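Report on one structure; see the data block that follows.
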Amino acid sequence: MDPSSKKVTGRLMLAVGGAVLGSLQFGYNTGVINAPQKVIEEFYNQTWNHRYGEPIPSTTLTTLWSLSVAIFSVGGMIGSFSVGLFVNRFGRRNSMLMMNLLAFVAAVLMGFSKLGKSFEMLILGRFIIGVYCGLTTGFVPMYVGEVSPTALRGALGTLHQLGIVVGILIAQVFGLDSIMGNADLWPLLLSVIFIPALLQCILLPFCPESPRFLLINRNEENRAKSVLKKLRGTADVTRDLQEMKEEGRQMMREKKVTILELFRSPAYRQPILIAVVLQLSQQLSGINAVFYYSTSIFEKAGVQQPVYATIGSGIVNTAFTVVSLFVVERAGRRTLHLIGLAGMAGCAVLMTIALALLERLPWMSYLSIVAIFGFVAFFEVGPGPIPWFIVAELFSQGPRPAAIAVAGFSNWTSNFIVGMCFQYVEQLCGPYVFIIFTVLLVLFFIFTYFKVPETKGRTFDEIASGFRQGGASQSDKTPEELFHPLGADSQV
């Protein structure tokens, strides 16, 4: 392998670092709304009282709060489905740059909602930042995947998930009552998102456009070559250019790929099914349910400040994403995803047993804590980071934007459904709710084992051609070559 293929240059890290600021925004806005719930609800009550001269009815308060939380996912669904509209017209980098306008508008609306005595401003701000985050979950993995050398694509792709979990952790810390999660500073807590947006606006103009976009979509070979030299830190980028040109020639032979075509064409049907199921394996794994349960479990275990224990789980979240970052190019995507799913299923069983026996055996709360940390750790080994960047790997340049839009929409929709339904299912099933997630995790494990190929070390065109052959004749590759057994390596 060419030594330059694993070289991490300053320009490459600037490009990836500038992009994943958007991932940090996604994580921050996912986690920020939980801590200040009580003080924001009190703001809703005061606003209602100021307008109508009476306290807000409890059902109205519950509805407004649920809307404040859920509207973020609705915005995300709309944003994720719109990815292709921007990246093909404006490019990957410019799309990320333009979308910061949404972050600034959202920051102003949420930051001044208390001053304006308007909960509508806060809810609208949550919707707008949701649209921004939906777009970001498409833009960032696509851009990072296209600027990264093949040998580093998995490791750098994991930085998207690292940005998300760091954002969640920052939100948990900033949301402490002693910092910004109080009646005076919660507007600042919600509007501080203007800082990473401003930083991204400063950095992105110095980042290169995706060389694949320049060559394949714009046919600007000289610019693509110049960008590649800076990204790779070498004057000889012939191999990269040839691989992109081959992908471009293949794209010219294909008709324009729409979202409907992804499901109609045999060449795309299997990879889009894999992309959607992997996104579902992330959101339907039960990770949100675990965070929902964590505070009450820590309280039962006698933890004086359960919020700090919840932050501890956020630190575990971050630490194991870093672990995944270093092993993804060695172990492979498929292997890590399988290990993560299996580990989560085991921890879900432990959690079910511990929660069911908690009243009779108080020490079971400690087993619950171990199971929670284990569940979070295994999530970040596989189902957390892998689904985001493997979608970009499964498709060539032509269908990639449409595929990422479909996958992102699936992720946000399932996130919304879990957020809306979990409370009711938990009331119905009690501690046995994790049996549902255990069954789902086992099903996702079986699907991954039999259907998901290892993409480590393969170029985009090699992966796509494997599916084309699989969908057509299987003449050049056997199923064993395309769908490696657990832990198999795919050398180019």
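Here the Cβ of each residue, glycine as well, is placed from N, Cα and C on the backbone.
Listed in Swiss-Prot:
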type: CARBOHYD; residues: Asn45; note: N-linked glycosylation site
type: MOD_RES; residues: Ser226; note: phosphoserine
type: MOD_RES; residues: Ser465; note: phosphoserine
type: MOD_RES; residues: Ser490; note: phosphoserine
type: REGION; residues: 468-492; note: region 'Disordered'
type: TRANSMEM; residues: 12-33; note: transmembrane segment
type: TRANSMEM; residues: 67-87; note: transmembrane segment
type: TRANSMEM; residues: 91-112; note: transmembrane segment
type: TRANSMEM; residues: 121-144; note: transmembrane segment
type: TRANSMEM; residues: 156-176; note: transmembrane segment
type: TRANSMEM; residues: 186-206; note: transmembrane segment
type: TRANSMEM; residues: 272-293; note: transmembrane segment
type: TRANSMEM; residues: 307-328; note: transmembrane segment
type: TRANSMEM; residues: 335-355; note: transmembrane segment
type: TRANSMEM; residues: 366-388; note: transmembrane segment
type: TRANSMEM; residues: 402-422; note: transmembrane segment
type: TRANSMEM; residues: 430-450; note: transmembrane segment
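Known features from Swiss-Prot, placed on the structure.
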residue : record                      : contacts (Cβ under 8 Å, 6+ apart)
Asn45   : N-linked glycosylation site : Pro55, Ile56, Leu61
Ser226  : phosphoserine               : none
Ser465  : phosphoserine               : Gln250
Interface-richest range of 91-112, 186-206, 307-328, 335-355 toward the transmembrane segment (12-33), CB pairs under 8 Å: 186-206
Intrachain residues whose Cβ lies under 8 Å of the transmembrane segment (186-206), provided they are six or more past its termini: 14, 17-19, 21-22, 24-25, 28-29, 32-33, 35-36, 39-40, 43, 93, 96-97, 100, 103-104, 106-108, 110-115, 122, 125, 129, 174-175, 180
Stretch in 67-87, 272-293, 366-388, 402-422, 430-450 most in contact with the transmembrane segment (335-355), if contact is a CB pair under 8 A: 366-388
In contact by Cβ distance (the transmembrane segment (91-112), the transmembrane segment (402-422); 3 or more pairs under 8 Å): no
Two-stretch contact, the transmembrane segment (366-388) and the transmembrane segment (272-293), at least three Cβ pairs under 8 Å: yes
Interface-richest range of 67-87, 156-176, 272-293 toward the transmembrane segment (307-328), CB pairs under 8 Å: 156-176
Cβ-Cβ under 8 Å with the transmembrane segment (67-87): same-chain residues at least 6 beyond its ends: 29-30, 33, 40, 95, 98-99, 119, 122-123, 126-139, 142, 213, 401-402, 404-405, 408-409, 411-413, 415-416, 419-420
